[in-house]
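Asks: Okay, handing you the structure first.
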Amino acid sequence: MDLGAITKYSALHAKPNGLILQYGTAGFRTKAEHLDHVMFRMGLLAVLRSKQTKSTIGVMVTASHNPEEDNGVKLVDPLGEMLAPSWEEHATCLANAEEQDMQRVLIDISEKEAVNLQQDAFVVIGRDTRPSSEKLSQSVIDGVTVLGGQFHDYGLLTTPQLHYMVYCRNTGGRYGKATIEGYYQKLSKAFVELTKQASCSGDEYRSLKVDCANGIGALKLREMEHYFSQGLSVQLFNDGSKGKLNHLCGADFVKSHQKPPQGMEIKSNERCCSFDGDADRIVYYYHDADGHFHLIDGDKIATLISSFLKELLVEIGESLNIGVVQTAYANGSSTRYLEEVMKVPVYCTKTGVKHLHHKAQEFDIGVYFEANGHGTALFSTAVEMKIKQSAEQLEDKKRKAAKMLENIIDLFNQAAGDAISDMLVIEAILALKGLTVQQWDALYTDLPNRQLKVQVADRRVISTTDAERQAVTPPGLQEAINDLVKKYKLSRAFVRPSGTEDVVRVYAEADSQVSWDSSIEKEPNIR
């Protein structure tokens with residue numbers, strides 16, 4: 001480790017005085033002008049992580065659904081997963097170190113993690129379409145090169161595509177080719193094979209309007225479109241040609257405001273979806289004949305996917321361990337439908353996709369989605385092998401179901417939640433089942449719910465347990481919530497401290513909007 005060179009380069013990426021940042025579920029995020037030093041240092045850290053794991057590590061420059069003036073960075077571990085928790089702590093420590101402490105912190109990390117500094121290192125880098133992203137990517141590259149690491153800059157990618165590249169490179173190509181064409185070909189081939197088996201036809205099932213949040217998803221979906229055009233026609237809106245990234249559009253806007261994005265006209269019962277800025281979230285929606293807006297969020301996406309997977313397993317006679325993973329924000333109706341109607345077990349974890357991902361890995365088939373539309377399905381290696389064998393050995397009808405399941409496995413980006421991958425899976429299932437968007441929506445009716453943010457001086461006064469559904473401190477808070485919930489049918493509520501800002505998040509649902517509104521009026525302190 002050439003400490004002199006690191007000190008020299010670090011001075012060119014100096015840390016602003018007094019700036020303290022925390023590596024969270026989504027890595028670092030803040031105003032773009034404050035991130036140059038962080039990017040340089042994450043390049044350094046990626047090299048150390050690569051040396052320690054003897055694997056390719058990814059660095060993604062993005063702030064996802066945040067406003068255009070923000071940016072961020074996160075590291076991707078060898079199998080396309082989120083960075084290991086112990087290395088999140090190293091990231092925070094390194095990002096916040098003063099210039100004079102940089103050498104010591106790097107040496108400490110190397111010693112704690114037993115990093116062989118003579119080991120080769122390889123880092124892959126991707127970025128979103130923000131004006132600041134190209135320059136910040138170069139800062140990452142500076143960090144990688146000063147520590148002697150090799151790199152490949154993929155340039156503009158969706159976040160899930162970078163996860164895919166890392167996974168491919170570390171599995172010797174078994175998962176797929178680590179190129180953008182490899183990604184397009186793998187997903188499209190599986191999608192086309194699946195939709196060939198659909199009995200329904202016509203534009204009613206094959207046309208989709210896509211709001212791309214003025215982000216990277218528009219560029220990549222347009223590049224990919226001709227690969228699957230025989231199975232699906234997509235119309236792109238908010239494609240970046242005008243309008244700001246995530247401004248009045250995108251999955252987060254649609255989910256939180258419960259209305260369509262600007263820049264998209266929707267006819268009655270047209271099927272529409274929205275990506276977020278880096279294309280790792282997706283939500284669906286439509287207007288009914290009376291003009292009412294209907295949102296189909298991550299809960300309903302998980303329900304559609306897990307139900308279809310279970311049907312295929314029953315068809316081929318396999319009794320695999322399938323589970324759905326949700327968070328406390330999942331609508332109670334979705335949980336009841338899965339458990340009571342579909343007989344699929346449901347598990348709840350803390351908020352943050354990394355928690356869902358880890359839990360989903362415990363099953364033969366794990367389907368996880370946050371209500372915001374971030375999720376995927378994971379299949380164990382043993383299941384993949386078993387399904388491929390079944391597709392070759394079973395009699396005709398069962399072989400067809402096994403082949404569908406094999407295509408579904410190939411269609412998912414198992415390295416991460418992926419809006420493009422999820423969109424193709426959803427479209428294939430709707431076509432195969434002959435479902436309209438209204439019929440999908442009618443699987444169950446969401447309980448009316450509300451989410452609020454309460455500004456507080458110190459969010460740490462509230463602590464929780466039971467996957468954030470029960471408050472432990474301050475004393476008496478949970479009891480007060482329980483007393484309020486008892487007054488209304490099918491009601492549930494919780495409070496939890498935000499993981500990123502000094503606010504407390506409040507969620508409540510009940511059997512009717514009247515119940516919720518009356519509870520607010522009677523209990524103004526809930527605000």
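Cβ coordinates come from backbone N, Cα and C, glycine included.
Unlike curated records, TrEMBL annotations are generated automatically.
It should be emphasised that the depicted structure is a prediction, and the values quoted were computed from it without experimental measurement.
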Asks: With TrEMBL as the source, which of 135-162, 163-190, 387-414, 471-498 is set down as coiled coil?
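Replies: It is 387-414 that TrEMBL describes as coiled coil.
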Asks: Near the Mg(2+) site, what residues other than Ser64, Asp276, Asp278, Asp280 in the same chain have a C-beta no further than 8 Å from the centroid of the listed C-beta atoms?
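Replies: Not counting the recorded site residues, we get Thr62, His65, Asp128, Thr158, Thr159, Gly215, Ala251, Phe275, Gly277, Ala279, Arg281, His374, Ala419.
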Asks: Can you tell me which recorded stretch out of 118-167, 178-283, 297-434, 476-513 has the most Cβ pairs within less than 8 Å of the domain 'Alpha-D-phosphohexomutase alpha/beta/alpha' (51-97)?
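Replies: Answer, by Cβ pair count: 118-167.
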Asks: Could you check which of the binding-site residues (Glu370, Asn372, Pro497, Arg505) sits closest to Ser64 (Mg(2+) binding site), going Cα to Cα?
Replies: Asn372
Asks: In whole Å, how far is Arg505 (substrate binding site) from Asp280 (Mg(2+) binding site) when you measure between their Cα atoms?
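Replies: Distance between the two Cα atoms comes out at 23 Å.
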Asks: Consider the binding-site residues Glu370, Asn372, Arg505 and say which one has the Cα lying nearest the Cα of Asp276 (Mg(2+) binding site).
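Replies: Its closest listed neighbour, by Cα, is Asn372.
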